[in-house]
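Enquirer: This is the structure I have questions about; it appears just below.
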Amino acid sequence: MAMVCLSDFEAYAKKYLPKIAWDFFAAGADDCSTRDENILAYKRIHFRPRMLRDVSMMDIRTKLLGTEISFPVGIAPTGFHQLAWPDGEKSTARAARAMNTCYIASTYSTCTLEEISAAAPDGFQWFQLYIHRNRAVSQNLVQRAEALGFQGLVLTADLPYTGKRRDDIRNGFRLPPHMKLKNLEGAFEVCKMSLLDPSVTWNDIYWLRSLTHLPIIIKGILTKEDAELAVRHGVQGIIVSNHGGRQLDGGPATIDALVEVVEAVQGRVEVYLDGGIRKGSDVLKALALGARCVFIGRPALWGLAYKGEEGLQDVLRILQDEFRLSMALAGCASVSEIGRHLVQFSKL
Ligand code: FNR
């Protein structure tokens, strides 16, 4: 089967994954309107490409908080990678390392942080945290991540409770008995997310700050008000995200929310985006609207489901090639030439 674009991996995953795993990966909240909007919104944005600008030498590298990556696409935190591939997050870590990009490992990994780190010892990894009701559990995770060499702490802000995902309820979704949330063993009743702390507030960023020297990146911001609060509370980065449409249904597409967040932040911290990235030209649109980098969630899982580490590398390589080509066709030879002038919103 020739894998030409990310939808080929999606089709493969849908065909070959057990239905319960496919449904879990695909799920959005309620009737999935925000999940779908994340993708549709890119169609309302059009390029204003420039011509005759010498694109014979292309430089698609960028830096995340000072660390260089080969192109501006990283791997968003998603749980339960062993549902896609037996080696789980170890394969994800190796693929990200091979492609020289950033991997955000989830609290809900099916491998331990130690295993993830050892799979790609010199990889560029951030750790994503959900704050547990028992703060000692979270403190332990943060401090382990820092000691292991993770280079950033991503606090997910949009999950005080888990969104209502209808297919998971219908399927009675739970992890198969041989898979474990390895980082929470003993601290967590598998797949009941009820031990997450819904009382978390902005003040908890100060608590996190007291635990670690790592840069803190907050994930799940969608408004200028929260962007301003994030900057004021001293985070180093913001990920504009709606959790792939799995939390509050009816919220904006992330590419639409990006505009007001970037405007509010005014360059004071780095702004990234995830949600709905399916083509290299989507990456270019997000960068044109002010994201420094984007992250992929489901497409990474489809790559894993196809061929583990190799499959995820294929997904990243395709996105990289498409991004480079889109940039060249739009008249940008380096990431620094991408700007707001490059896109317009359609009048529809
Ligand atoms: C997620 N997401 C997520 N986010 C997070 O902070 N911690 C997590 O453990 C998870 N787990 C998770 C599982 C699955 C199956 C999905 C699809 C998503 C959200 C994820 O980081 C990201 O925001 C979205 O996946 C981005 O949208 P796309 O790329 O899937 O369209």
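Even glycines carry a Cβ here, placed using N, Cα and C.
Heads up, here are the entries from TrEMBL:
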- His243: active site, proton acceptor (ACT_SITE)
- 77-79, Ser106, Gln128, Tyr130, Thr156, Lys219, Ser241, 274-278, 297-298: FMN binding site (BINDING)
- Arg165, His243, Arg246: glyoxylate binding site (BINDING)
- 1-348: domain 'FMN hydroxy acid dehydrogenase' (DOMAIN)
Enquirer: What recorded positions among Arg165, His243, Arg246 are found with a C-alpha within 10 angstroms of that of Gly297 (FMN binding site)?
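Expert: Cα within 10 Å of Gly297 (FMN binding site): His243.
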Enquirer: Compute the mean position of the Cβ atoms of Arg165, His243, Arg246, which form the recorded glyoxylate site, and then list in sequence order the other residues of that chain whose Cβ is within 8 Å of it.
Expert: Ala27, Gly28, Ala29, Arg35, Thr162, Gly163, Gly244, Gly245, Gln247
Enquirer: If you compare CA-to-CA distances from Gly275 (FMN binding site) to each of the recorded positions Arg165, His243, Arg246, which comes out shortest?
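Expert: Sorting the recorded positions by distance from Gly275 (FMN binding site), the top entry is His243.
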Enquirer: For Thr156 (FMN binding site), what is the tally of other C-beta atoms lying within 10 angstroms of its C-beta?
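Expert: Cβ-Cβ neighbours of Thr156 (FMN binding site) within 10 Å number 23.
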Enquirer: Just checking, which of Pro77, Gly79, Gly275 (binding-site residues) has the fewest C-beta atoms within 10 Å of its C-beta?
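Expert: Ranked by other Cβ atoms within 10 Å, the binding-site residues Pro77, Gly79, Gly275 bottom out at Gly79.
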Enquirer: Just give me the nearest neighbour of Arg165 (glyoxylate binding site) among the recorded positions Pro77, Gly79, Gln128, His243, Ile277, Cα to Cα.
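Expert: If we rank Pro77, Gly79, Gln128, His243, Ile277 by Cα distance to Arg165 (glyoxylate binding site), first place goes to His243.
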Enquirer: Determine, to the nearest whole angstrom, how far the Cα atom of Thr156 (FMN binding site) is from the Cα atom of the residue listed as 'active site, proton acceptor'.
Expert: 9
